[in-house]
Amino acid sequence: MAASDEASRPFAGLSDVSISDDIAVEGDISVPVGPSARRDDEFSTLDEPVRETVLRDLRAVGKKFVHVLYPKRSAALLRDWDLWGPLLLCVTLALLLQGGAADSDYQGGPQFAEVFVIVWFGSIIITLNSKLLGGTISFFQSLCVLGYCILPLTAAMAVCRIVLVAGSGPVSFAVRLAVVTASFGWSTFASTAFLADSQPANRKALVVYPVFLFYFVIGWMVLTFSPSQ
Amino acid sequence: PHGSEIITGFGSLSEFEEAGNLLEANRDATTISIEDDEIKPEKQRQAAAFSPAGEDEDPLASDDKTELLSGQKKSVPFWTFEYYQRFFDVETHHVKERIIGSVLPWPGKNFIHTHLRRNPDLYGPFWICTTLVFAIAISGNLANFLTHLGKPNYKYTPEFQKVTIAATAIFSYAWFVPLALWGFLLWRNNKIMNLVSYSFMEIACVYGYSLFIYIPTVVLWILPYEWLRWCTIVVALFLSGSVLGTTFWPAVRDDHPKVIIAIMSSIVVLNALLAVGCKTYFFSKPEDLLPGELSSATEVTKAPHTT
């Protein structure tokens, strides 16, 4: 009795509480189909219309585009990585780089597959490099950031093609050079804003340089695009 | 008298090693060399504290010491991620020092011993090679553009396919030549007991860093002046070749003279071949005409005949 007295002392105030009979204190183990099913609906996306699914992903991609345009470190962007945006940007860039000066027997611009190889293998190599140097960012997060930060360069490519329609003299070249340089700087700045924090301070430059080289090469491809006459 | 005094003679190299080892163990000791008329304990103590030998460096003593002091390096299998992480254990200032050491060769200073110190990295060689590949492709493209600027039939193309060719050339040089050299040195080590032996990673690291001087060289080649290109190639070859030469000299100097000449000359010749080959293939001479231009030139000269 002494033991139960000591045990019940913390619950002393409850001694006068009585449980009414109509509260169910017993149940069964079967899956509830009543009101608690509502909580499941928030996670189960199997029953929603396809339009809803597509729109949700598009909204996520669009939100990340906005993050790239106004780069500031945001944990949400890194946590919810996705590779739709990079794929979309890579395909757009590769398509816009087509139709260049490609004589059949002379060397021309990068082929569609070459753009893909450079973007994806470049991103993978930079990610491996940053992980080998001891970075704390995960593999796919880094691919996601690098891919999304191609957005300014893709926009520059679209602008360059429009400018090239107007003419391809020195003035148009100067305009294209300015646009490509600005977007290259923007891309590098945006991606280092996300990536550099994950490295120890004495290796930041070692991680930033390959990113710089990557966007420089893409910028070069954009700038040297020359249309076939 | 302070501490213990170690008296050595310069009779043989091994005695000097012993002195070095003993000195490392007991830093207060003074080394008195019998051949010296003047005893300079301070200077020798300092010299010994940095390295057991003077200019005539014998690294075996320091090799033993560092292996014993640094403990055992964990050996992980080569298919794990951690194995490769070992080769990225460098910081920004390490890479900077190594790059500067690769363009300023110092007679007697060995790149591997001065800068690598048994910590070869793959970061430097890989990114230097990649940068060099793109530098060659971009500079070659720009140089061609400047060379043919103003010619009426010239159509600018980005010549992107040259990147793959440049990449194949540079990366094969940076990996297969060190592999061959390492294999050859290993074979000679079996025949002649050499005091100096380099691991494959150290040789690949030296070769990678020795390519750094070509990056500014290639950028200078954009200007379409032949004399400038030849001057810069000679300077770059000299610097790069001397870095490689001073690095591999201690490894082969105990060998048969013919072997020494063979190895040193092949190191230099392969380096020169790479440089001249890149220059010839990617950077056309100002007098060269494109095939399209040649045919259009003949068309222009043909036209008056028909009229």
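Cβ coordinates come from backbone N, Cα and C, glycine included.
Sequence annotations record features per position, and here TrEMBL assigns domain 'Yip1' to A:68-221. Along the domain 'Yip1' (A:68-221), the predicted structure has mean pLDDT 84.
Long-range contacts of the transmembrane segment (A:81-100) within the same chain, counting only residues at least 6 positions beyond its ends with a Cβ under 8 Å from a Cβ of the stretch, are 57, 60-61, 64-65, 108-110, 112, 115-116, 119-120, 123, 138, 140-141, 143-148, 150-151, 153-154, 157-158, 161, 218, 221-222, 225-228. Annotation source TrEMBL lists transmembrane segment at A:81-100 (among others).
Only residues 6 or more beyond the boundaries of the transmembrane segment (A:112-133), in the same chain, are considered here, and those with a CB under 8 A from a CB of the stretch are 86, 90, 93-95, 97-98, 139, 142-143, 146-147, 150, 195, 198-199, 203, 206-207, 210-211, 214, 217-218, 221. The transmembrane segment annotation in TrEMBL covers A:112-133 (among others).
Taken from TrEMBL, the feature transmembrane segment covers A:145-167 (among others). Same-chain neighbours of the transmembrane segment (A:145-167): 64-65, 67-69, 77-78, 81, 83, 85-87, 89-90, 92-93, 96-97, 119, 122-123, 126-127, 137, 175-176, 179-180, 182-184, 186-188, 190-191, 194-195, 211, 214-215, 218-219, 222-223, 225-227, counting only residues six or more beyond its ends whose CB sits under 8 Å from a CB of the stretch.
Distant neighbours of the transmembrane segment (A:173-195): 68, 71-73, 77-78, 130, 135, 137, 142, 145-146, 149-153, 155-156, 159-160, 163-164, 207-208, 211-212, 215-216, 218-219, 222-223; these residues of the same chain sit at least 6 beyond its ends, with a Cβ under 8 Å from one of its Cβ atoms. Annotation comment: TrEMBL describes A:173-195 (among others) as transmembrane segment.
TrEMBL lists A:207-226 (among others) with the feature transmembrane segment.
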